[in-house]
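As annotated by TrEMBL, active site, proton acceptor applies to 68. Residues annotated as Ca(2+) 1 binding site in TrEMBL: 69, 72, 74, 76, 78, 89. The feature substrate binding site is assigned by TrEMBL to 167. The heme b binding site annotation in TrEMBL covers 197. The feature Ca(2+) 2 binding site is assigned by TrEMBL to 198, 249, 252, 257. The annotation disulfide bond is assigned in TrEMBL to 37-119, 70-75, 125-325, 204-236. As annotated by TrEMBL, domain 'Plant heme peroxidase family profile' applies to 27-329. Annotation comment: TrEMBL describes 1-23 as signal peptide. As annotated by TrEMBL, site 'Transition state stabilizer' applies to 64.
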């Protein structure tokens, strides 16, 4: 009897085991759409270029959207879902500041892909977001890299799932490292991905404490360049409109380059979580390397964003190919 029950249990577990194995063996690959939608990359690129020509914000907004998507439930385009009850990922306070231009970029690229009869309903919103991210990086002077494809779209998006999943502007090195490590990303990956702030912008409220009331002893954070802090005070006075945003890279804000790291060397990291990369001796060396070599930064960024793009992906028969990126089928 005992042997029979073992056989029954084994037969019950076998499909689960096979499903797990097949899910793991379905890897992402750059030529996933070779037969189903061979022109997907050029279709997405031309839609992204058109949007980028209309507004530069397309670039930082799309890049940030990809990061926020992958860090919550994996790279499954769940960030794009509008659940109708104000309870989607994008409704969480940490996501509410995501610029609409990022969402619009993906929606326009999806429409362009689906207007091709061969491609209609074949390409996931998650893959379109990954491709659009690569395209905005290149459009702003960053590296071109091959994007692994084959992600499927998630059906679930909740506000609660965002809680404590995204790095905060006041994070120290250990907090950053442990959060990135949860997704298989190293300290070097984290520092390289932070370099995306070279084209980023931030709302004044995210760093006002550093320039007005850092501590009882220092009104200005001592790790912040004093002259830069005074400039920030002018751009972001005490009762400024919370919608006002400023460039995170004050030197070359529209170029995807290593100026971000050179700024850190000068005490000009906008967030605590930026400046700590230079002020903590455990990460100073990597910042100095990227500051001294744009190529070293670009190579590390490509490696890191490729790893990021594999986080928690749905593949094979998991998830779906969403017809409308903003709602499940």
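Note that Cβ sites are derived from N, Cα and C of the backbone, with glycine treated the same way.
TrEMBL entries are annotated by machine, without manual review.
Nearest in space to residue 37 (disulfide bond), taking C-alpha to C-alpha distance over the recorded positions 69, 76, 78, 236, is 76. If you take every residue in the domain 'Plant heme peroxidase family profile' (27-329) and average the pLDDT, you get 96. The candidate set comprises the binding-site residues 78, 252. Of these, 78 has the most other Cβ atoms within 10 Å. Non-local neighbourhood of residue 257 (Ca(2+) 2 binding site): 141, 142, 198, 294, 297, each in the same chain, at least six residues away, with C-beta under 8 Å from its C-beta. In terms of Cα distance, none of the recorded positions chosen from 119, 167, 204, 249, 252 sits within 10 Å of residue 69 (Ca(2+) 1 binding site).
The Ca(2+) 2 site is defined by 198, 249, 252, 257, and by the 8 Å test on Cβ atoms against their centroid, the other residues of the chain that qualify are 199, 251, 253, 254, 255, 256, 258, 259, 260.
Closest to residue 70 (disulfide bond) in space, going by CA atoms and restricting to the disulfide-bonded residues 119, 125, 236, is 125. When the recorded positions 167, 204, 236 are ranked by how far their Cα is from the Cα of residue 78 (Ca(2+) 1 binding site), 167 comes first. When the recorded positions 72, 75 are compared by the number of other C-beta atoms lying within 10 angstroms of their own C-beta, 72 comes out lowest. Listed binding-site residues: 69, 89, 249; maximum Cβ neighbour count within 10 Å falls on 69. The CA atom of residue 75 (disulfide bond) is located 9 Å away from the CA atom of residue 68 (active site, proton acceptor).
Around residue 64 (site 'Transition state stabilizer'), the same-chain residues at least 6 positions away in sequence with a Cβ under 8 Å from its Cβ are 98, 99, 102, 196, 200. Here the candidates are the recorded positions 76, 119, 125, 197, 204, and by Cα distance the one nearest residue 249 (Ca(2+) 2 binding site) turns out to be 197. Ranked by how many other Cβ atoms sit within 10 Å of their Cβ, the disulfide-bonded residues 37, 125 place 37 at the bottom.
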